[in-house]
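K.L.:
What follows is a structure written as structure tokens; I'll ask about it next.
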Ligand SMILES: Nc1ncnc2c1ncn2[C@@H]1O[C@H](COP(=O)(O)OP(=O)(O)OP(=O)(O)O)[C@@H](O)[C@H]1O
């Protein structure tokens, strides 16, 4: 069971201790049953009373200790799983994550990790139950080896039958989990496409009836089937148990008269066993469901690991005085499985000089944002090379290289926490920029934390610009930054803000469709269908 591995991986010492104390507790419980049997069949003596009291206390202490250890272990393993998975996602290549898609990542991070943590919670109880069952079986063997063999033979037939039913449950849970990925995509459509759905009743009804309801119904059906099979296996287990009692009560005394004396003890012990055995059978479907989730997380984890970037802690300072950033024959191809055609950007040969203001222009879908991801090191070129002066950018220094860039992509994410090299002056700098960006009435800054990000699109983009300003890196990249700005602020951006950055010695790459500001660039690179159509230096000083 993979979930047990999860616990052992969290700490094998605690796991071993928990197992040992759990076994002791189980054996004590079984021994207590044996004592009860003795006390019923003989007279209750002083020594039996002392043993009974001692065993009860030992069963309580070892049982509690085992559960405490397992509770710690269980919670630690869920904690580690959450962190490990998040780290793996952070270490994966951007392209790989784009292909997996946010819905699948989100489903794994929330639903699967939750399913695992819910099941891990019942494992401590399951372990104690298993120990009790084990101890009782040993006692039964000691009472009469023949009856024990009959019980074991019965179990050898009964357990695979129950297991068979559980396998069906397991299969349906797997299908339900796969369908839930699809369902999560529809849930995202509800949250992200709320406006469009509200405004278009036919779209809303079609989406609801043909996408969401279909997916939810499939998931419901799979879950129903899964839990019905699980119920059948649990009920079947109980039925088989009573069948066993019947055989012991009515069949065994006929065949083996010598066992008559131990049968009351047998029946008492087996009846005591029913509780823990029932619990185990009931909890097995939970384990199956957690196993599906673990497989899902592992599969995702493995996939992520396959594409994990070389983890490098950036110790080398980012260069401030570089001269040239060179792309030589750089190519990126989008190879989405299922897509009938590929899109290729490149081969791109391009040299960007330090301090240049470069506009990257071209029609929609010409590859501007892809080129930006290649230049910033977010995409690894599938062929060709990027060099910063003499240094080729490879897997081991790509993380270092990325620290050169401050970006505001078209699909930027705005963090409420600001980061700056100078933490002591961060608030003062941020307030100055808030004034410059005409946001001081809307947002305040305290200890590097923005008071709100709930603003208009254009205002949020200004906050993203503020965040980039504070990072104070060598190269700035703006992907259609001005698209959401009013004409006045658009003008301010092109004529003042870019000029100030240039005066501060920054290299600036601006992806833009605003052709009436193109004359302000030092250089214009035009892309067409993934190729560089032109690279034009503009004469004269515009600033
Ligand atoms: N995540 C993606 N998955 C698959 N293909 C993609 C992806 N992003 C871009 N593409 C492909 O690359 C092409 C260029 O996209 P890109 O975003 O680089 O263009 P762009 O010039 O920035 O366009 P726009 O001006 O519309 O922002 C697209 O037409 C599409 O075929």
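Here, residue 1 is simply the first one shown, and the rest follow in order.
Positions of Cβ are set from backbone N, Cα and C atoms, glycine also.
Pasting the relevant annotations from TrEMBL:
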type     : residues : note
DOMAIN   : 13-289   : domain 'ABC transmembrane type-1'
DOMAIN   : 325-542  : domain 'ABC transporter'
TRANSMEM : 12-36    : transmembrane segment
TRANSMEM : 48-74    : transmembrane segment
TRANSMEM : 120-140  : transmembrane segment
TRANSMEM : 146-170  : transmembrane segment
TRANSMEM : 229-251  : transmembrane segment
TRANSMEM : 263-281  : transmembrane segment
K.L.:
State the non-local partners of the transmembrane segment (263-281) in its own chain: residues 6+ outside its ends, Cβ under 8 Å from one of its Cβ atoms.
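P.N.:
Answer is 30, 33-34, 36-37, 40-41, 125-126, 128-130, 132-133, 136, 139-140, 143-144, 147, 151, 162, 233-234, 237-238, 241, 244-245, 248-249, 252-253.
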K.L.:
Which sequence positions outside the transmembrane segment (120-140), separated from its termini by at least 6 residues, show Cβ-Cβ distances below 8 Å to it?
P.N.:
3-4, 6-7, 18-19, 22-31, 33-34, 63, 66-67, 70-71, 74-75, 77-78, 147-148, 151-152, 266, 269-270, 272-273, 275-277, 279-280, 283, 286-287, 290
K.L.:
Express the predicted model's confidence over the domain 'ABC transporter' (325-542) as a mean pLDDT, rounded to an integer.
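P.N.:
Average per-residue pLDDT within the domain 'ABC transporter' (325-542): 89.
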